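Everything below concerns the one structure shown next.
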């Protein structure tokens, strides 16, 4: 092996679906100022209120999707790590999580001990958001400063419109679409609207008009999560030859009372059923790995909601996970990260 390593970083998971482990994980996640962007005293107060009931509720959700080998997100991420290593001959491929175990610090220390000099950091998020990409990059830089490790760091930029990502998405999802469907819903993770405004380098473009995402100039597009989600959806639809009326975009996983980007997935599930859609396919392109937001929120609760509203079938299309096309594409993306 040579001295150029990859560090794949995903979100993370509790160690188990037990309430205590879920509480510990949620506390670390929600106290990240990039996730809840409030001053520390207010953030601490809000998170303490959330942790009164949320750990028990989330523990039940985690238990419903937990695998014999543990967290699906962790298990699938490990499989991806192994698959990418088969395509990356420049050095070792390491895996870390932003929250919970498999810390970024431990991964960087292992790489340094192996004699690695260069690291390409790959946040496993196709679209940019401070609460995903920025927090991974900043935590990695913090660890490097604090530890004194002299590793040359490169960062994989968001790859929402890169052909490698979209082609892998098409190859992974294609067989599921060929089974037939009435409608395809592309459900992306949501964000509070204030996060978009905060990330807008112009200070005035985001959410300024109904078509702001489609009209976003290059410098705004580079930091606008919603605009990037729409570009990903459109790129995928073109590759699959989907007519405009057969697919749509929504945003899931709202937390709290603040206004989040819309349309909301839970509202779209009811609306599509009311429109007469019987066989609904749902993809979650903001997630490269299946996790609680896909398997439980969409695959269980979303399915129940859609059927209760009059739909017949909701089929959750698996994420990219460790699909061979994705493993190859990710290695190629990391060779040209900028």
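Backbone N, Cα and C define each Cβ position, glycine as well.
Cβ-based neighbour count (10 Å, all protein chains) for residue 293 (Fe cation binding site) stands at 19. Residues or ranges marked as Fe cation binding site in Swiss-Prot: 189, 293.
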Worksheet item: Is residue 189 (Fe cation binding site) helix, strand or coil when read with DSSP?
Response: strand
Discussion item. Return the count of C-beta atoms lying within 10 angstroms of the C-beta of residue 189 (Fe cation binding site), excluding that atom itself.
Written reply: 25
